[in-house]
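Summarising the annotation, Swiss-Prot assigns signal peptide to 1-20 and lists sequence analysis as the type of evidence. The disulfide bond annotation in Swiss-Prot covers 28-36, 30-42, 35-49, 88-137, 150-159, 239-271. The active site, proton donor feature in Swiss-Prot is assigned to 132. The feature N-linked glycosylation site is assigned by Swiss-Prot to 268, with sequence analysis given as support.
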């Protein structure tokens, strides 16, 4: 009897596991053996089950044992936010605790490759954040409400009346086609309440890391260099000679942070 009950328990556990996987995949409308990609499409293979996979039998990326908190020390982060003067909108908004809480949901960030690779990726992330927020002075894009970031061709992520999808947070996430999937992945109403990113420092870092993980991480850790991260973040407006000053500023911050972390910045720094 006991053996039969044990067997029954094992069977029930297996059924529960399969049911959980099925429910996860079905949250995006996918079959149980399919993954919901970062863009909300169903399928199999690395394009669907790799980076950014939201549900289903997602691939689990290999990570090293680096502690992101040991690299982003209290002293490093304090120096970052100290750049913002008292008149800055973001003064007191961005915190190390918020960053580390957000980073906990992205285990591949700063933990892929060698220890030096980890340091370079973290330096790259904060170089862009430093540039985008103008040294951590801003939460929202300057004059953002006056700008139109609604791509009406993105029918999967339709814009909502009265909502502005301008830049917010450390990487200034923009456009409805980014707010929508970011909200779906993280768990907030990105299309209906994009302002939520500017109200919560944790959510601000989560959206930045969501964008980084889905659009920047793979290019950087594959050895394409810092220049590839510029192209992934704002290449259309800065790369190929469009805005050399902005590119130079990003590179300078990256080199500065690499020096602080004691790591060589590598090659292919520009775009």
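Each residue, glycine too, has its Cβ placed from N, Cα and C.
Using Cα positions, the member of the recorded positions 30, 49, 132 nearest to residue 239 (disulfide bond) is identified as 132. Here the Cα atom of residue 268 (N-linked glycosylation site) is found 21 Å from that of residue 132 (active site, proton donor). Counting other C-beta atoms within 10 Å of each candidate's C-beta, the disulfide-bonded residues 35, 49, 137 are led by 35. In terms of Cα spacing, the recorded positions 88, 132, 150, 159, 271 all stay beyond 10 Å of residue 42 (disulfide bond). Calculated from their C-alpha atoms, the gap between residue 35 (disulfide bond) and residue 271 (disulfide bond) amounts to 33 Å. Looking at residue 150 (disulfide bond) and residue 137 (disulfide bond), their Cα atoms lie 25 Å from each other. Among the recorded positions 28, 30, 36, 132, 159, 271, the ones whose Cα is located within 10 Å of the Cα of residue 49 (disulfide bond) are 36.
Among the disulfide-bonded residues listed (28, 88, 159, 271), 88 has its Cα nearest to the Cα of residue 132 (active site, proton donor).
Taking only the Cα positions, the spacing between residue 36 (disulfide bond) and residue 88 (disulfide bond) is 40 angstrom. The 10 Å shell around the Cβ of the residue listed as 'active site, proton donor' contains 20 further Cβ atoms across the protein chains shown. Reported as a whole number, the C-alpha separation between residue 30 (disulfide bond) and residue 159 (disulfide bond) equals 24 Å. In the three-state DSSP scheme, residue 137 (disulfide bond) is classed as coil.
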